[in-house]
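Residues annotated as transmembrane segment in TrEMBL: 44-63, 75-93, 100-117, 123-143, 155-174, 186-207.
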Amino acid sequence: MSTIVDISSENETSPNYNKQTKFSFLHSFSSLIAKQCELHTQKVIHSIKVGIALVLVSLLYLLDPLFEQVGENAMWAIMTVVVVFEFFAGATLSKGLLRGLGTILGGGLGCLAAIVADNFGKIGNAAVVGVSIFIFGAAATYCRLIPSIKRRYDYGVMIFILTFSLVAVSGLRADKIIELARERLSTIGMGFGICIFTSLLIFPIWASDELHRVTSTKFDNLACCIEDCMKAYFSVISEKESIPKINVSGCKSVLHSKSSDESLANFARWEPWHGRFGLFYPWEKYIQIGELCRELASIILSLQECLGSPLQPSTPLKHAIKEPCKSVGLSIGLTMRELGESILKMKRCHAKVLTLPKLESNKLELILLSTSPKLKGIANVESLAIANFLFLLTEIIDKVEALAKEVETLGEVAGFRSKY
């Protein structure tokens, strides 16, 4: 709260305001530098881990005893490392397991189709293989179009189609097909084992930690945008000055985070028990919280557009509603930061007891302000502008209330510790 400027008591040219502005800028700049350094370090670590995995899997070719056991099929192990190894440990684990499962199912059904086709002669062989490829290929492709399957198992279904088609149309004898499938599956397993070893045991990068951190950061980003909107809306602007610009990059990053959140949540579900996150952790709650944050971000961007609207109330009218609205804005910002801290530190926020009554009080204050005698008898254009501003502010409070309930539910389901 030390970085929030009191609009009513300080002018933007005062020394105290300049010190607070510089402190806020330096704090934001240092946080950005620290985040970029951490991300760069993780990229370097990931690159080194991929190099180690490639060296280990290449030993299947480089060492004669291993090459004699594996042979040319070692190529599949190298291909597995290149294709499966991902930035996050959960992504590597999910792709490896889906690749193995798709290979087993596709290879098994492909062998079965080849065995059945081998009993129908040369012409019947081609017909049976063609029909089986059409049926399984079409059915698997249809499954890939189902949203729930595409989101979690798309890679495994694709590997199933590829393996089944390769085995079914290979034209080899049944015993050779089974031997080929066994050798390729074993080399794929070797490559997957090397990926798991380097990904989980050498400085693992967890998708669950990233999703947890990103979700808590959204609250601070949105709180900053709300406070900036309030300060800019009630700042005194002369005719020669332009409208203050608001940094809405944090708000837009929240608005465009849907695909990233869903990917991180999907990878987090595959990760083993580590640190603060156990098995069957409620990652779906993070998706719901992220969706509410995106809805709130869209409302904040609409509030920001009020600054550039040609329908602006007069400066005396803004001054009449400045104190109550400023108090509400600061209260919302504080509440958002408390919710973000609750998630980051995994402490219960007790929204029903502490947060919701405060938000209800803020909403009641806006309702009383909209019916205040100060706003009666004003021009229609000014009345519309003020009503729009107060309506958006009320909508923000409603979304913050929904967020507080979801955060409290997350704390209950995930077993957050109590603050007291």
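Going from the start of the chain as shown, residues are counted 1 onward.
Quick reminder: no glycine exception, Cβ is built from N, Cα and C everywhere.
A TrEMBL annotation is a machine prediction, not a hand-curated record.
Per-stretch counts of Cβ pairs under 8 Å to the transmembrane segment (123-143) identify 155-174 as the leading one among 44-63, 100-117, 155-174, 186-207. By the Cβ criterion (distance under 8 Å, sequence gap of 6 or more), the transmembrane segment (44-63) is counted as touching the transmembrane segment (186-207), at least 3 such pairs being found. Taking every recorded stretch in 100-117, 155-174, 186-207 and counting its Cβ pairs under 8 Å to the transmembrane segment (75-93), the highest total belongs to 186-207. Same-chain residues lying 6+ beyond the ends of the transmembrane segment (100-117) with a Cβ under 8 Å from its Cβ atoms: 124-126, 128-129, 132-133, 136, 155-168, 170, 172, 174, 177-178, 181, 184-185, 188-189, 192.
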